[in-house]
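Before any comments, here is the structure.
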Amino acid sequence: MMTAEVTAADAEVLLAQPRGFCAGVDRAIDIVERALELHGAPIYVRHEIVHNRYVVEDLRGKGAVFIDELDQAPAGAIVVFSAHGVSQAVRGEAEARGLRVFDATCPLVTKVHIEVARMRAAGREIVMIGHKGHPEVEGTLGQAQGGMYLVETVEDVAALRVSDPGNLAYVTQTTLSVDDAAAVAGALKARFPGIVEPKKSDICYATQNRQDAVKLLAPECDLVLVVGSTNSSNSNRLREVAERKGVAAYLIDGAHAIDPAWLQGRRSIGITAGASAPEVLVQQVVERVRELGAVSVRTMPGLEESVAFPLPKGLSRKIAQTESLE
């Protein structure tokens, strides 16, 4: 049991709105759970279904087996692709090995994949703005065989060398800092005036909304706690947004990670959560902050999200068939 020393005496807790799960994460988790209900364990999941330790451990306890590469799954097994998406090479490998696939790629990531295919088919080279090594970036870069470049900073743009400067397009990772992505996109357009931009921003609605909510939250607080795992891109961006507003901010996996010293003398403590962090963790953090002396909790005004994505047709069809037999 955690100690209840008082370090945040009489502080107010402010909750960002919106926060936590997005439609793509809800859908991805639902796909794994439904696959387990239909087929039983084990269900193999390539990479973490979403970047949250609590979610991954919960699904592991239900029978999901998380693997790094497809050759770790037996031939013919059921495999779920994570919400971050996969390359064409991974899809080809799954087909060659006879794996039965449920694709949990976020539809907003799939939108970027379609843009890449369309632009490459038109003969354009593509610059992707994103973080090297992130699964989403690897999946998007793997939608084409060559003709793609990755940049992360304005400095990367200055150093970029492309084959055909007059025939370029760009796309972005969906979970970037809105402000950082805008700066890099601006640098691309300044250096390559004819570069084709996405018809609609590739940064997803949930990333945008959660960053906007923190921009409203941070000026009201002297500390912001962001609930999310360290490998979550969008959660890290929320911490950065708060820090850029001049507020101390920490990224935490849950209530157990709170250092009471952080709360010493704080009068207003903001709490938000990345798009892959469940609300149960937020409420545990609120309870812990109350134990440490906070006396009130208030939710900031903000957007009420109503976005929902359907399950893959193959999975929803099997669910319907099963339910019709009951």
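The backbone N, Cα and C atoms fix where each Cβ goes, and this holds for glycine too.
Ser276 is the residue from Ser201, Ser268, Ser276, Ser296 that Swiss-Prot records in the (2E)-4-hydroxy-3-methylbut-2-enyl diphosphate site together with His51, His84, His134, Thr174, Ser232, Ser233, Asn234.
For the pair formed by Ser232 (dimethylallyl diphosphate binding site) and Glu136 (active site, proton donor), distance between Cα atoms is given as 11 Å, rounded to the nearest Å. Sorted by the number of other CB atoms within 10 A, the binding-site residues His51, His84, His134 start with His134, the lowest. Sequence-distant neighbours of Cys22 ([4Fe-4S] cluster binding site) (same chain, six or more apart, CB under 8 Å from its CB) are Cys204, Tyr205, Ala206, Ala275, Ser276, Glu305, Val307, listed in sequence order.
Take the mean position of the Cβ atoms of Cys22, Cys106, Cys204, the recorded [4Fe-4S] cluster site; other residues of that chain with a Cβ within 8 Å of it are Ala23, Gly24, Val25, Ala83, Pro107, Leu108, Val109, Thr174, Thr175, Tyr205, Ala206, Thr207, Ala275. The Cβ of Cys204 ([4Fe-4S] cluster binding site) has 25 other Cβ atoms within 10 Å, all protein chains considered. With respect to Cβ neighbours within 10 Å, the binding-site residues Ser233, Asn234 differ, and Ser233 shows the lowest count. Annotated (2E)-4-hydroxy-3-methylbut-2-enyl diphosphate site His51, His84, His134, Thr174, Ser232, Ser233, Asn234, Ser276; additional same-chain residues within 8 Å of its Cβ mean position, judged by their own Cβ, are Val50, Pro135, Glu136, Thr175, Asn231, Ser235, Gly274, Ala275.
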